[in-house]
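S.K.: Below, the features straight out of TrEMBL:
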REGION    1-21  region 'Disordered'
COMPBIAS  1-20  compositional bias 'Basic and acidic residues'
DOMAIN    34-423  domain 'Catalase core'
BINDING   78, 119, 168, 365, 369, 376  heme binding site
ACT_SITE  81  active site
ACT_SITE  155  active site
Ligand code: HDE
């Protein structure tokens, strides 16, 4: 028996944050129903009335309390990043090399394990919107360090749409549903967004990322994270070093395809949330490596862009990402509202050893996050909410306010005092000391000239994509701009794209009824950064991939069992799908249990589809439209499709032309992500499972031409 999530987690309180949370957890086992005042209640289904059919009485304090509390259950959703999913975990540095650059203990001491809470999110949609929309993903991490909370509030893309935070309300108003009719939900494919883009060309680099596969993550577990801004590390001597933070998922970076995203949005709007939750419950803990790019202060001006400009990356080939440590997410929250909804991130939550730069976007964020929590969480005491509470001691003279949970004792709440023994006292050691940057200048409202190359890195991104990634980008622009009703906006965006790459502009124009630009106004600089292509990220594992195994009565029981065992050994997650839920009678008379009925799921919810052998089973499935659709749709989305023995017949019956079983002595055949094996006996050959796992590790067979396959 595999361990339950509780058993796997070990005794509660194994890390200091978990221990702290234990004191506020409420278990309802063996409990009696009470009011908020602790008075026991024997009846909660009918209000107190005068006679059975008479009016309800005001004195029914239980009914009033119950309804009043319900009326106040909602808090304002986040103005951006409203929809999210969270998880607890831990972070630990590999060694102490970063000690030369920072005093932040959690980054430089390999003996210190720091509890974390991470919240992933989409940006534009409201709380109830679908996960698989084209959007940026938030990747916010709260480190509960022994020196206080540090929040790294990043995204899954390394740049941003705008350079100065004062533009943020404009940008968000443009991308959110349009104000007159609140349409469309969680989409950038509408006029106001593209109007903003057309008039604000600093967006172009980020727009390239948004139109790329990065905007469609297969899983939060397979997504990079970036701090975006240039921050500053500060060491024991007070020396500063510029730093960019990176999270790299150990499963590689993988994306869905757009047609799949749109379908998942209906089939399972919680697709990314569920994936995160299920993986953690199954003990398949998501892992990410934290890396840093370091730039000595004296090199501040040695790039062809400004380090303070958040629309620019530092190419990894110029400044390598050096690994610092690993984060593992290993515990789901107990309560979505209490933890994931109430978590309050703030870019200004820094600890000694980490400081800011003058990036104008970051400076605005340092104001906005505290401000937004005040309205969202209803007052100044939100840091006392369990998920936000530091594990470091919190002792200050801030008092009162809504929702004050602490009972401060004594007479003094001011500094300096003698009546309270001078406490809390300012310390000398372990304190946050602001980096003493020298700044001088006139007060101006002006964008720096060094921020004004809007296209160079958009071109770099485009050049760095593989052919298939470029195709996806072109298709995304055509889809999005094709939804723009006001035609001059389409023209204007194509004009900007012509500054990124002439060929790109022409390809996009051809799909949206805009005359392709004739002149190449800004010849492509030809530079590339291979690290930007997802296809170059680690992909050695098919672990955690979900596999649909199509079965019906008469399937070869031994073949199914050995297939399932083989896939599990590879770390994959096979599920048996049958025309109906319940038992499936195998050809050998044994019984298998279907995990789900075919019609309750869909191929888009799996990473691969497999058909085991079994003449009767194949015959039944060949008359089942759902079963055949699993195969054609998975094929369309370039997913691994596999069949064993006469299972191959079902592929043909589904119309996958040209798919054949291996010839004599060929064993296993792999062709464009289609894995087939001849039937020798019941047991599935090891090579078949290995080949399928390899195809899953490659994620998709991008070389497969699927244009003509119906969607
Ligand atoms: Fe945010 N952002 N942001 N943002 N952001 C918020 O804070 C804001 C920006 C990011 O899971 C809000 O608590 C301004 C960049 C994440 O709870 C708000 C500007 C990046 C999350 C806010 C930016 C982000 C937020 C809304 C421009 C990537 C979700 C609710 C100056 C580096 C955190 C909240 C979570 C949330 C403001 C730009 C990431 C309103 C003003 C750049 C991951 O404070």
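Placement of Cβ uses the backbone N, Cα and C atoms for every residue, glycine included.
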S.K.: Measuring Cα to Cα, how far is residue 369 (heme binding site) from residue 155 (active site) in Å?
M.R.: 15
S.K.: Select the most exposed residue of 78, 81, 119, 365, 376, where exposure means the fewest other Cβ atoms within 10 Å, treating these as the recorded positions.
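M.R.: Per-residue Cβ counts within 10 Å for the recorded positions 78, 81, 119, 365, 376 bottom out at 376.
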S.K.: Indicate whether residue 119 (heme binding site) is helix, strand or coil by DSSP.
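M.R.: Strand, per DSSP.
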S.K.: So what's the average pLDDT for the domain 'Catalase core' (34-423)?
M.R.: 98
S.K.: Which secondary structure state does DSSP assign to residue 365 (heme binding site), in the simple three-class scheme?
M.R.: helix
S.K.: Would you mind pulling the longest C-alpha to C-alpha span across 78, 119, 168, 365, 369, 376, which the record has binding heme, in angstrom?
M.R.: 21
S.K.: Taking the Cα atoms as reference points, how far is residue 78 (heme binding site) from residue 155 (active site) in Å?
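M.R.: Approximately 16 Å lies between the Cα of residue 78 (heme binding site) and that of residue 155 (active site).
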S.K.: Check residue 376 (heme binding site) against DSSP and tell me helix, strand or coil, would you?
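M.R.: In three-state terms, residue 376 (heme binding site) counts as helix.
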S.K.: Can you give me the Cα-Cα distance between residue 365 (heme binding site) and residue 155 (active site) in Å, rounded to a whole number?
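M.R.: Here the two Cα atoms are 14 Å apart.
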S.K.: How many other Cβ atoms sit within 10 Å of the Cβ of residue 155 (active site)?
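M.R.: I get 24 for this one.
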S.K.: How many Å separate the Cα atoms of residue 81 (active site) and residue 119 (heme binding site)?
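M.R.: Each residue's Cα considered, residue 81 (active site) and residue 119 (heme binding site) end up 10 Å apart.
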